[in-house]
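Report on the structure given below.
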Amino acid sequence: MSFISNAVSADAPFDAIDDLPLLETEAIPPRIAAALQAMREGRPVVLQDDHDREDEADLVCAAQNLTNETMALFIRECSGIVCLCLSDEKVRALELPPMVSHNESRNRTAFTVSIEARDGVSTGVSAADRVTTIRAAIAADAKPEHIVRPGHVFPLRAQPGGVLTRRGHTEGTVDLAALAGLEPAGVLCELMNPDGTMARGQQVDDFARLHNLPMLTIAELVEFRESLALARERNAELV
């Protein structure tokens with residue numbers, strides 16, 4: 001029996017989703033399995049990127065299962081800049097333009113204009129309001145007129161190909177949601193220390209242990225995605 005659900009949206013950002021049933025439970029590394037289960041349950045995952053990149057950890061969660069309580073945790077323990085990671089297809093469907101015409105940021109983080117739900121929010125700042133905005137944006141029937149700009153949620157456009165194309169938190173978050181059999185959309189926020197510095201190393205480990213959250217690195221996710229590609233190739237040879 002496959003550990004990963006087949007119910008992955010066609011909007012998912014990588015081709016390997018068609019081959020998820022090829023991998024049986026025992027083929028999935030424990031840390032990957034724990035992260036996927038957390039995504040399904042609406043719990044955050046601590047996702048770390050490469051040491052030679054940002055060398056930071058983000059709390060990430062599947063947008064589909066986001067709760068007010070999890071959003072409050074993001075606001076309280078992280079930078080407060082809550083980002084909604086979306087596939088390129090979803091960004092196009094919502095007609096979200098880039099935040100700037102020429103992206104000069106070091107890692108080319110693909111911010112779009114910020115958004116707010118058109119209905120059901122007050123100032124847009126509270127945890128509940130931000131969750132309402134995210135739900136409005138990721139709804140299957142979401143249209144550009146369902147959101148307004150600017151707002152207090154910051155969408156990020158994931159590169160097609162996911163972490164195999166760009167080893168970023170944006171792509172990692174969307175990949176995890178899709179691999180978990182959920183809508184390919186997720187929420188992230190950078191983990192910080194109480195003194196306002198970025199959490200790194202042992203500080204990240206301590207936070208994850210305190211809140212009983214699974215940890216995963218982008219490198220592990222890349223390796224897993226590559227194993228899916230190999231499984232697809234092996235399966236194709238048998239056809």
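Yeah, the Cβs are placed from backbone N, Cα and C, and that goes for glycine too.
Where the annotation comes from TrEMBL, it is an automatic prediction and has not been curated.
Residues or ranges marked as D-ribulose 5-phosphate binding site by TrEMBL: R53, E54, D58, R166, R167, G168, H169, T170. Within 10 Å of the Cβ of D58 (D-ribulose 5-phosphate binding site) there are 29 other Cβ atoms, across all protein chains.
The Mg(2+) 2 binding site annotation in TrEMBL covers E54, H169. The number of other Cβ atoms within 10 Å of the Cβ belonging to H169 (D-ribulose 5-phosphate binding site), over all protein chains shown, comes to 30. Under the three-state DSSP scheme, H169 (D-ribulose 5-phosphate binding site) falls in the helix class.
Sequence annotations record features per position, and here TrEMBL assigns Mg(2+) 1 binding site to E54.
DSSP classifies H152 (site 'Essential for catalytic activity') as strand under the three-state reduction. Residues within less than 8 Å, Cβ to Cβ, of H152 (site 'Essential for catalytic activity') and separated from it by at least 6 positions along the same chain comprise V82, S114, E116, T123, G124, V125, D129, R130, T133. Annotation comment: TrEMBL describes H152 (among others) as site 'Essential for catalytic activity'.
Annotated site 'Essential for catalytic activity' per TrEMBL: E190 (among others), in sequence order. Of all the Cβ atoms in the protein chains shown, 19 others lie within 10 Å of the Cβ of E190 (site 'Essential for catalytic activity').
Note: the Cα of R166 (D-ribulose 5-phosphate binding site) and the Cα of E190 (site 'Essential for catalytic activity') are spaced 18 Å from each other. Long-range neighbours of T170 (D-ribulose 5-phosphate binding site) (same chain, six or more residues apart, CB within less than 8 Å of its CB): C83, C85, T109, A110, L156, R157, A158, Q159, L188.
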